[in-house]
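K.L.:
Here TrEMBL flags C:48, C:54 as NADP(+) binding site. Here TrEMBL flags C:125, C:126, C:127, C:238, C:239, C:283, C:298, C:299, C:300, C:301, C:302, C:324 as FMN binding site.
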């Protein structure tokens, strides 16, 4: 059933297949009179773009976005913003194997069984290429949120190698090809991922996204909680297998005393929390602290080692995936996670305004 | 904005506060001609009911459900099923402290700031008491799914103490007060939780819910994926801070080879997976394997040790929460997690039928 | 599929059958801190209540509403408001005929064919009794809209007898049993409907609902236009067969010159329209003028004259409906139409605020 | 708030402005494995295309549709079908008057007041040009419905001149430029509309759309009734001011006896109605008879006679609209009404399947 839309007040719908003519998104509900140019969107697409280092797929896609509607004389009009990115470098000639064999870990088998048909070229609709549309929508969401809200993502673990959080430096995330906030760890990953890449293997990763400047009060309990919407949002990203808010799974090991985020009053009368185990959300509503979300990405399923599988006719066979793939899809998931955070927050900013004014 | 509904084709809306007149749910979209009695629902409510052991709140609530509509001569009619559970044991006399002070870890502060008002009695709308309504809705969802789908939950970690998965025995989950599938660990938890309870403290937990018998093909990519709906579902449960599908966060440490669920053909021609790292979902669609979800619950925020906080007038103060609370809310989260799994699956069963027939 | 909810930001879900235990509504998205008592709702229910004159059904229902949630110390809290009205006077003893025969003009046949089952007692879910829930929801919607918006309905035609619009006097609508704004016509209807009633027949009617004080700017083009939502809203009311906005069908006969609502500037700088052919809506958005909606109600299908029909076993037969029915259901549709107008406007007030602020 | 989507299971979202780069639609939820080519869609677009006779706007738009996604090797894949129609003949040079003055009867004033900005070129988003996207979506909906359901529309009244229903001949609707089923009346309209056109005036019209072959059981009471969805659907079409189902407003004048659609059993055991006052819908659910909907379109607001209005700066002024406009927009509303009927039915076919199977 129709499932290609996300959000309620700020709502986007994406379309397009990896090796089709184009991909795109329609963003509906955008507040009017926001300045918006293609360049505003392009800068975020460029962060996600493939082929920027040897650690991501070498597919050459300029990922140039066009705004087809909803903007007039440089301002949004309140009508749907239609965005299109043409596919350039499909290399679609030879799909022999992938057309008939199901790649383990990919959506080949489930799409085929659900729909009785699938566009197997480059993964079709299930390809991570679709995430470009999300990043484009996220760029508009940031405009909706305005300068008061800052959304930043970082890669915090690659395979078994986690960063040292004491060395966290946001400025580093633009200084290495991994969006890594810890320069030392980034250097170590470089060596590690070179090995992974050369062996034709792949690894998983963990991404952390933080939103600062979110006021207290966003989120709609009980079923559209800010955290449940974030969990859903992150879990829609390709290859994601886990989502945490604040302390996440570590909270299971805490005592009630250890988990309590105590509160004090600032000299100016505002409220101050002494810790943020909750990740900035209580009862599904933002506390005014940083919103902290982490999600785990499984290793790229496309690898050079043959794996046992079956084909569309019910025969046993094996498959290995050549082609141009990311050894660690987690890297490019960073801007995607930021975009999803932005979209969830823009939606809840507007939803809060609907019910509570202001 | 309106956020108290869950699901699309199978859709429920809950209402009610912890110490109000009643709580309840309206379940819409229920297929017609399903046998349904109050007893069918009551048996699941009884599993979640408070006061069944010394490890859950001692509040005395019979949690007796009434079906007010949507059933005629013992069968569902296709019209909304309205369910009501009257609150009995509110003990609402004295709320002095809680009325004006914000309990750390609770939703007091965020509800007050969002809405400018809150029903502080027993946590009002943000109380876990609301989960009784979910369990009731889940009982109907199980009817929709039929006997072919089995949904079972277990507590797999309490504080730092995890079960031994080699001792997993589903029959044990009804043999101890923890829904623990490992008898030895259950015995150890008993001692541990007695200490926690006596010290007036609390601990977190991890719950695992498994659905067997789900056919391949349920789930609507890209934004209503089966896993993203499950992540959202579990994250709406009180105190949940993390959700995993299949290997979850552990997948980040795997290689592509290690993560691949290889496929073979059974003698009868059906497909067999050699492992289930994916937790039964690929590309947002069920694979036909067990659906495996885990979620982490933070420690109960209500503890006897005083914590620093602020009051509604902006004064610094401290608070401790007497009253009747679960030392580990994770225990009663087991039937709630099962119910949410059932509701997500019933919804997707029907959604799949809408688009793909059969 | 789930279809018992109405609205997006201001959203209500109704449940209950004519001769079941109770009927009710859950109203979600209500802004917080609105004063709300049962009496605020009861006064509107009392306008719709059966048995108030010899021209409506003689079923004796006090229609006493209870607020079960969402209100604390006399104020809404932003959480769902659950409303329940217990059924009292069901007289359910004997349903022999109606249980097996399909009454022409009623929903008996279609419910039976769609669901394979139906609660035939008093029409079950398809009974106009459900409209009490809407009137209750509408009372809350009026609170959301505040005193600046006035919503009034009137019966403007009964069978072939229309009012004289030159004699329109809103104060008359409370002075006769028909909500008729024209005292002379009301007197004539009295005689006419007595005849209809005594002959065991029934007639149709036309209702007009007018909202004053709606500011310019509410409504969400293109598919949630204010007028399309109103058309949907009115068409959901039992027995409604047509809806018009402003000049409605008469607009088909106008020329472009005759249809243009010309505009002028008031001394205070505000805009003034010289006419209101559009019924207060242009491009799906309110103009600031009165919103004018009319809808046609077919004659009550329950009549004393036998009609040919078939039974549930596929036999030809005939049926006549005794019992206590409205000779003209249009009368009691007036407060229902007002309620639906209120709900649509409250929803769009909040939706406008979400996207455009203010 | 986001309002540019229609439908639930079969759901389309449109985007684009009259004089922007392109217009389009994303159709989500399309069942898989339906044969679909651009030609399948183009034939319906060609029926709506401007400039086909002297009675519609002379704007030259080929309205060539491109399918950008969701179709693979000639079959739908179950993923979103993205459709794009490039705008060719915008003639956007000179908008002097229209940029600053509000045209009476148009959406200029309300868009400006709601959003604080508007794309005034050719009416921007509020232009009837958008209806091409609906016709394209409708062509896909027809594929979903299959050959068993036939949807046909006709113009039944132009200004004060109605057809003679005794002369109704569906084959005539393709034999004159008006989709008129009555050849004699079509000839009279030709003369009449020539006069209207030459005088620079315009007239309204009434359209009737009939669906045959719809089985009993589609429609979701109480708020997603088949008739309420149709009323909403038709009222979203530009310039529509009224919608009727079956006898519509005429039902108000009937007696219960006259309105009853009596039922008999056919020799083959199936049910036969002796009349169709209800227009094929009872209780919001299809009866198996023809679904009959009529809607009224107001006269084109763009006329050559100057009308009093105001400008964006609050000055009184007057305006006349040159340009290329339809003297009767009702003509081209016929294929649009058919498309909306198709989309509503496809949605309810799928929704019915979700809840009731089959």
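Each residue, glycine too, has its Cβ placed from N, Cα and C.
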K.L.:
If one looks at the chain holding residue C:239 (FMN binding site), which residues at least 6 apart in sequence have a CB under 8 angstroms from its CB?
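P.N.:
The list for residue C:239 (FMN binding site) reads C:128, C:204, C:297, C:298, C:300, C:301, C:329, C:333, given in order along the sequence.
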K.L.:
Are there binding-site residues in C:48, C:54, C:127 whose CB lies under 8 Å from a CB of chain D, and which ones?
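P.N.:
Near chain D, no listed binding-site residues qualify.
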K.L.:
Taking Cα atoms as reference points, rank the binding-site residues C:125, C:127, C:302 by distance from residue C:48 (NADP(+) binding site) and give the first.
P.N.:
C:127
K.L.:
Counting every protein chain present, what is the number of Cβ atoms, excluding its own, within 10 Å of the Cβ of residue C:125 (FMN binding site)?
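P.N.:
A count of 29.
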K.L.:
Of all the binding-site residues given, C:127, C:300, C:302, which residue's CB has the most CB neighbours within 10 A?
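P.N.:
The residue with the densest Cβ neighbourhood is C:300.
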K.L.:
List every residue in the same chain as residue C:54 (NADP(+) binding site), at least 6 positions away in sequence, whose Cβ is under 8 Å from its Cβ.
P.N.:
C:194, C:197
K.L.:
Near chain B by Cβ (under 8 Å): which of the binding-site residues C:48, C:54, C:125, C:239, C:300, C:302?
P.N.:
C:125
K.L.:
Let me check the 10 A CB neighbour count of residue C:48 (NADP(+) binding site). How many other CB atoms are there?
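P.N.:
Other Cβ atoms found within 10 Å: 24.
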K.L.:
Relative to the Cβ position of residue C:298 (FMN binding site), how many further Cβ atoms are located within 10 Å?
P.N.:
30
